[in-house]
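Written out below as structure tokens is the structure these notes cover.
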Amino acid sequence: MSKKRLHEIAKEIGKSSKEVVEHAKYLGLDVKSHASSVEEADAKKIISSFSKASKPDVTASQTVKPKEVAQPSVTVVKETGSEHVEKTQVSKPKSRNFKAEREARAKEQAARKQANGSSHRSQERRGGYRQPNNHQTNEQGDKRITHRSQGDTNDKRIERKASNVSPRHDNHQLVGDRNRSFAKENHKNGRFTNQKKQGRQEPQSKSPKIDFKARAAALKAEQNAEYSRQSETRFRAQQEAKRLAELARQEAKEAALKAQAEEMSHREAALKSIEEAETKLKSSNISAKSTADNRRKKQARPEKNRELTHHSQEGQKKNKKSWNSQNQVRNQKNSNWNKNKKTKKGKNVKNTNTAPKPVTERKFHELPKEFEYTEGMTVAEIAKRIKREPAEIVKKLFMMGVMATQNQSLDGDTIELLMVDYGIEAKAKVEVDDADIERFFEDENYLNPENIVERAPVVTIMGHVDHGKTTLLDTLRNSRVATGEAGGITQHIGAYQIEEAGKKITFLDTPGHAAFTSMRARGASVTDITILIVAADDGVMPQTIEAINHSKAAGVPIIVAINKIDKPGANPERVIAELAEYGIISTAWGGECEFVEISAKFNKNIDELLETVLLVAEVEELKADPTVRAIGTVIEARLDKGKGAIATLLVQQGTLHVQDPIVVGNTFGRVRAMVNDLGRRVKSAEPSTPVSITGLNETPMAGDHFAVYADEKAARAAGEERSKRALLKQRQNTQRVSLDNLFDTLKAGEIKTVNVIIKADVQGSVEALAASLVKIEVEGVRVNVVHSAVGAINESDVTLAEASNAVIIGFNVRPTPQARQQADTDDVEIRLHSIIYKVIEEVEEAMKGKLDPVYQEKILGEAIIRETFKVSKVGTIGGFMVINGKVTRDSSVRVIRDSVVIFDGKLASLKHYKDDVKEVGNAQEGGLMIENFNDLKVDDTIEAYIMEEIVRK
């Protein structure tokens, strides 16, 4: 049902909004202003009431046509004595809405009660249910008044009415019963009699006229009075709130002024105390300085002045006697006065006639010329160092704008400014980090130039796979270890020392495979000379170029050994030309690199190669100091089951002894035993000597530096500190999610991982294998090295593999019987290898198997929505026609509107006429519903598609 606002009703009937609002309130409607809304029935009621109020009064003589109301058929009989006159029977009206009428009358009666009082309301209620409108008269009302005027009793009239009521309208009869009972009660109580006695007029044949203007004016006056009372109450409340707020502000202001005054008094007291301390300090400094000057003058006085002083003192003795007598009399008087003052009413008073203690003069300390400070020194520490009072320094800092206490730490800049104010040169103290062993390799000032001697050169042999590096080293050592290498590849770095022409040469053998790039780089960092071995029949290969780059980066000279010249296809000139392209130019061509043609297999020109090495070493002037504590580099490290951690070290400076406390990388320990390259125990190792040691608490990393410390306590502290720093650095390197890398992190979450555990015989192989596996590039899959270590595969590795769903890869190691049994029980896979590129190929195949299938979108067809049908509790059904291809039940669909995709989802149903079908072909019509989408519109395009799997190549 629609609603109307009061100002619209006022405009419609030509009245002011104010009058309409007051009239609506009078009718009992809940309105507040001209913007209030009322129901359409209430609006009609307001309009009709205005129209009735505007009609002229109808006199008693005028005949007014009664308003047709829905009443039952009633025959009214007028009685005059014994005479019965029958009036015209009222025609049967239409059915009435009694409930609405009752509600309207109730509202009207409430308004009348408020305006005229309860007595008039009772009179209106006696008008009965049959009056549809109190502003009009009806024939039935006239009859009731006639009955009362003729003196009929109320009981007879009620009985007559009851006999004429039609039994068809039960509700009407009930209302009549209520009216009759109300009339009887009034008659018994004598209310009608009282009304007549009080001179009230009998009700007329028509309803009394209501003066709406008077009632509205009275209501408005009452509202104005109520509003004035409320306004006065609000005004008083506001005045009281303002008064309380003003009091609160005054109290807060007084408290602030009081606090400010206290703060100013404290500040003045502090400044006064500082000034007093400063004046005392100045006076003490002046007195101390004058005392010192007088002392120096007395000491510098010659003997003649001393004699004159002696004579003058003898001449003054006579005058002193008279002064002494006067002083004795004065002292006697003072003593008598003190005696009289001591005794008070028999009380014992302590004797205070003791001599005052002499005041010790404060010593004057000169400021130092230099001040060495550390970050975070306190004011008290600085005052103690420069021999000044902390209060003085606090005051200076206060004048500089720095608020500090004597226990507060100061930064370096503040300390320097303070020293400038005192005129002292400030220097920051350089703290030596005992845990930093890298400083020994960067700064050689700790070496003694008098003890520096010539040392053996460290030579690294580099080259491509199977170009003869190990064969050359085997020939140099007269050993055949090269034949035992799997696949023709050296598995770890070895260090060997030979003697030629009374001089020693240390050789490092680096692997030739690309996987050992980091190991070769580590070898180049400790070497003095590089022997680049190139096969005469193969020429320059990729690993040869890498070896050249590592040697150039290390800044070491290169000696080229062209091997396999005994083969029929050997072409040394081609090798020389190819190396020239990479900056390795022979001395025969005007370059700086020495070229030697050899045959490692047949021991040809090996002596010439060694002589070339010694010649280059002599040119390089390799020196070392064997008297200092030893430092060097870890060549290789491994874990032995019986001996523990074993590290192969190359001593670079100093001499390493057994029982030396040592720090190796992030580990520490004491050298228990030392073994040289021949397997013999030695007690010391000089510079350029490779040895294997035991006694470390953990296995170090290949390439770590080592240093010998003064005692085991210092070594332990340095090792633990380095371990903590390494752990902290590892945590800091952990990538955290930020706005910049958030997308990459989310993308990485979709990548599959292959977890592996690596166990190898030596540390270098572990690092090389882990680096090679991580570099394998398979889109969508990566290798995650869960754990890598040196040693055999044990039960802990199997347990870790089971927990992390990893594969164990053993390189040149075997599992223990217990580990193999546990792996069979827990279904853990163990792969054993001795050739590195076999491991890489196997892991790459496993990574490809981890990939999810790749899908490609295939368009099936298109359809146009011709009509839409909305079904309650079901959704929107789209009637469509296929214009291209087909639409299948299991396909996905896109809803395209104005060339923009607005939804992408699955079909909920597909029908052809009334039948469920699996597909609808081209030029056919059907109906469809889309899951979770009901916003289909005519002319929308439906694109059907499926995702097909693509076979990986």
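From the backbone N, Cα and C atoms, a Cβ is placed for every residue, glycine too.
If you look up Swiss-Prot, you'll see 80-89 (among others) marked as compositional bias 'Basic and acidic residues'.
Look at Swiss-Prot and you will find 98-111 (among others) tagged as compositional bias 'Basic and acidic residues'.
The compositional bias 'Basic and acidic residues' annotation in Swiss-Prot covers 140-188 (among others).
The compositional bias 'Polar residues' annotation in Swiss-Prot covers 191-207 (among others).
Look at Swiss-Prot and you will find 229-240 (among others) tagged as compositional bias 'Basic and acidic residues'. For the compositional bias 'Basic and acidic residues' (229-240), DSSP puts the residue distribution at 12 helix, 0 strand, 0 coil.
Annotation comment: Swiss-Prot describes 282-291 (among others) as compositional bias 'Polar residues'.
Annotation source Swiss-Prot lists compositional bias 'Basic and acidic residues' at 300-317 (among others).
Swiss-Prot lists 322-338 with the feature compositional bias 'Low complexity'.
Summarising the annotation, Swiss-Prot assigns compositional bias 'Basic residues' to 339-348.
Taken from Swiss-Prot, the feature domain 'tr-type G' covers 454-623.
Residues or ranges marked as region 'G1' in Swiss-Prot: 463-470.
Neighbour density for Lys469 (GTP binding site): within 10 A of its CB lie 28 other CB atoms from the protein chains shown. DSSP classifies Lys469 (GTP binding site) as helix under the three-state reduction. The GTP binding site annotation in Swiss-Prot covers 463-470, 509-513, 563-566 and is backed by sequence analysis.
Feature annotation from Swiss-Prot assigns region 'G3' to 509-512.
Per-residue pLDDT, averaged across the domain 'tr-type G' (454-623), gives 78.
Counting every protein chain shown, the number of other Cβ atoms lying within 10 Å of the Cβ of Asp466 (GTP binding site) is 16.
For Ile565 (GTP binding site), the Cβ neighbour count at a 10 Å cut-off comes to 18, with all displayed protein chains included. Residue density at Gly463 (GTP binding site): 25 other Cβ atoms are found within 10 A of its Cβ, drawing on all protein chains shown.
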